[in-house]
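What follows is one structure encoded as structure tokens, with my remarks underneath.
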Amino acid sequence: MNRKKGLATISLSVALILALVGCSSGNNSGGGNQASGGKTVLEYYTWTDEEDYMKKVVDAFNAQNSDIEVHMNTISNDADEYNTKIMNNLSGGSKMDVYSINGTSSLGLYSSKGQLVELTDRIKEANLDVSAYGPSFQDITSVLTEGKYYALPYRTSQYALFYNKKLFDEAGVEYPTQMTWNEYAELAKSLTKGEGADKQWGGYYADWITAPLGALQEGTTVLDDSLDPIANWLDYLNRLYYEDGSHMSYKQMKAESIDWIKQFESGNVAMMINGEWTINMLKADIAAGKTDMEFDMAPMPLPEGMNDPITVGGVSTFIGINPQSKNADAAFQFVQFVAGEQGESIIAESSVLPAYSSDKTKESFLNATGLQGSGFFFEANTVVENQPVANIDEVNRVFNEQRDLYLFQEQDSATAIQNFIKNRQSVLNK
Amino acid sequence: MQDAIAKPKSSKLLYWLLLVVLVIFSLATLFPFLWMISASLRTDVDLFKNPMNWIPQTLYLNNYKEVWTAIPFAQYFLNTVKLSVIITVLQVVICSMSAYAFAKLKVPFKNTIFILFMTNLMMPWHSIMVPQFSVVSSLGLYNSHTGYILIQLFSGFGIFLMRQFFMSLPNELNEAARVDGYNEWKIFWKIMMPLSAASLSTLTIFTFTFMWNDYLAPLIYLNDDVLKTLQLGLKGFQTEHTMDYGLLMAGTVIATIPMVVVFLIGERFFMQSVATTGMKN
Amino acid sequence: MTSKRLANYKSYIPGTLFILPAFVLFAVFIFVPLIYGFVMSFTDYGGFNVTPNFIGIDNYVNLFQDDYFLVSLKNNLIYTVLFVPLTMILALFAALALNNVLHLRKYLRMAFYFPYITSMVSIAIAWGLLFNPVSGPINYILKAIGIANPPEWLMSSHWALFAIILVAVWKSFGYYMIILLAGIQGIPEHLYEAAKLDGANKFKQFLYVTLPSLSPTLFMVLILTIINSFQVFDLVSVMTDGGPGRSTNVLVFRIYQEAFINYRMGYAAAMSTVLFLIIMVISLIQFRLEKKWVTY
């Protein structure tokens, strides 16, 4: 009996010691950041896809600021690793002053859990013009964070239509311009030909684009009561994938783990609906000699009866400060630089669509892409892809579960919507 | 066990039939690896144009060159070797020691402690991942090889495996050794460990394989580039929207070689020890 | 009792010292986090440095009204019921065959172990191609032998779980084969010779010598496969991400999603506790039954 008590006491005291050590050393993560030469060192985290252009921004910032040095860390963003890593850092892992935030739902999460320094006062003091980030940032701020600023955006995401010039030339068809979704489907059908290794697809619609683009253009979101436009959109996808067979089927993309951009680069896809990041990636691959394709872009197709160009997107990537950082002032300087005109111009020079809209960033972007069509991004109206509410990721996930079953041809679109509404309820009740 | 061939004809036919079945079966088990080699020798564009052409028309060796420069492959490789070797050796020794105590020695609250230890087998690592991280970082061991090594040294499986083996050894062996004036430490190293070479090599192969392929724990515990492992580096080829198949597959092929080597070495011990224990009986 | 213990006090020293390193490591890096997690399951902890609130057994109550959790529990039970026997039969067959084959032994042993050492990401891609319902070789063969409508495997909510089980068996049988092989080769030769003298044929030798002598190892493999079947995560994560729909969502995957994607750490901790209890109960039943069929 005595021994048992002894054991319990030992483990309890081990736990206690650990807790005490934890308290005293928990703040270590913020300390020891004064590097040699009195420079303030900032640890900045972002994900691998951003390395290419954020490296240039960081270098430019370091060159301009003799007293601050930003050290960039990149983490793979596959399967939520980036978020896992950031969470560990925020819970006292490695020293982290500034971090990039991927998507509005992450912004909502980090701000609601108190993991971002509120920037409202600093923004006021610095006289920053937040209207340059466009209306989507205002929507997000007012709905998601109750009018308070916790981070600044530096990238905008927008969908558009990309096409392979060579395939249009070969077919003797004019390059596409603004179309309706119907016209798009017909055009894709007419450009589809061949079998096996010679197969040419009229279009490519990546399996991971889960947002119901056409329905969003019409103003319906996954949170609405009436979801008919979304059901129609699902039927439309079914037409592309299976009825017309003008797009590689959803099943085949999933089964063969098709990489969308490589499929497009392989030269047997005439048109592709995808995001603005396509430009940056295609240009990088062309420069690296991985492909010699020639591409251009056109506005995203529109639902029947709509005339003004409208696309899906909005500010999507943010940068904010860890509350545990001991260098919030220097960190804000860096944040301001990244999301300001200068940093944004550097980002734009890599053909990445900046969040900050000014003549200078616009010009940098158009020069960099060298694409006639890319002016579209600055002209079209946008509707947000993800509604700025908590749990949106979870709602999207249960939507995607039903969408999957529909596109694997296991249930009709009405059943998919019904099941989704049921599952959405239990997510929102949690 | 060596007499399968010295048999009448029908039995011989059966033997060859079995062998054919096994060879076909082995091709099926090897298939994905063959596919990996094929994919590593092709450009990604070619791979997607002709996904079902498994034999490349022209060998594209660039992936094997590029993989060394695309990431600090050599550094990651050395780190992985270092961590896998240290963890494997220490884990095998620590687990064998306590397994031996459970099987042959008096330990206070033996059953309670054993059941407690076995909870490690039953708890998925994901469920203690976060609290474990808090413990390691509060000890100041985050972002160090030491921290990562320490969390891997205890293995419920290793103790279970070695205990099963030690229990199968006759107690008379210990008693005889004690009469000869051996202390427990000496019995363990001079008698028990050599006798258990087969189980030890099994555990070594398993632990090494597991550590070599470990991904999530290094991701969480190792932060600096100089500390990172091969699996972290390979994962870098797969990013949010795209994947560099050729480089990933070339890297995977190279990363698989050390495990094959360890398996072949471990297996030799394994076979020798089987031969010696067989003779003693 | 106590005085007897004191008299034997010294005899405990070596054993205690042998266990000490493992005990310290266990206490600090496994037991403390385990208790921490258990306490967490009674809170609404949501990650980060936010102080959690104590909410009693709410998490446990919600758990059994949560469709998603119950589906993952059901999927996991199906997985266990199929994975365990299939893996054991295949591993035993491979181990026995290798023990009786004189040609190509080294190659075969390596080939069977190979799936276990290949990286998960590459495996997922390769198997995706194999299972491809349109142009994959598996359905090509099935059609060739006269099955008009072969399953759509990973693309079908009815078959995806079975496809995962198939890959899981493929990936892990070589691992258990090695354990069994060690067990088989540890069987003393003289037992077989005695059986032969009694005129036992190969099958009878298997039945009366191999199986009983191997029963402790078989028992261990049984326990390990059952436990592993409740910890399946990697394969689901790389091959189907729990889909189509929820058809391959299993317990650990659900725990992972709740903890690291939805940041409901307290709720996830409650799931972990339930999972832990399930494995614990099954293992205890096994250890009870062990005495009936295992011969040491």
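Including glycine, each Cβ sits where the backbone N, Cα and C put it.
Quick look at what TrEMBL annotates:
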- B:77-266: domain 'ABC transmembrane type-1' (DOMAIN)
- B:12-37: transmembrane segment (TRANSMEM)
- B:83-102: transmembrane segment (TRANSMEM)
- B:114-135: transmembrane segment (TRANSMEM)
- B:147-166: transmembrane segment (TRANSMEM)
- B:187-212: transmembrane segment (TRANSMEM)
- B:245-265: transmembrane segment (TRANSMEM)
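Just going by CB pairs under 8 A, the stretch in B:83-102, B:114-135, B:187-212, B:245-265 that sits most against the transmembrane segment (B:147-166) is B:83-102. Within the same chain, residues 98, 102, 142, 151, 154-157, 159-160, 163, 216-217, 220-221 sit at least 6 positions outside the transmembrane segment (B:114-135) and bring their C-beta atoms closer than 8 Å to a C-beta of that stretch. Taking Cβ pairs closer than 8 Å, the transmembrane segment (B:187-212) reaches residues 80, 83-85, 87-88, 91-92, 95-97, 100, 104, 152, 155, 157-158, 161-162, 165-166, 169, 173-174, 177-178, 230-231, 255, 258-259, 262-263, 266-267, 269-270, 272-274, 277 in its own chain, all 6 or more past its ends.
Sequence-distant contacts of the transmembrane segment (B:245-265), counting only residues of its own chain at least 6 positions beyond either end whose CB sits under 8 Å from a CB of the stretch, comprise 33, 36-37, 39-40, 42-44, 47, 60, 62-64, 66-67, 70, 73, 77, 80-81, 204-205, 208-209, 212-213, 230-231, 233-234, 237-238.
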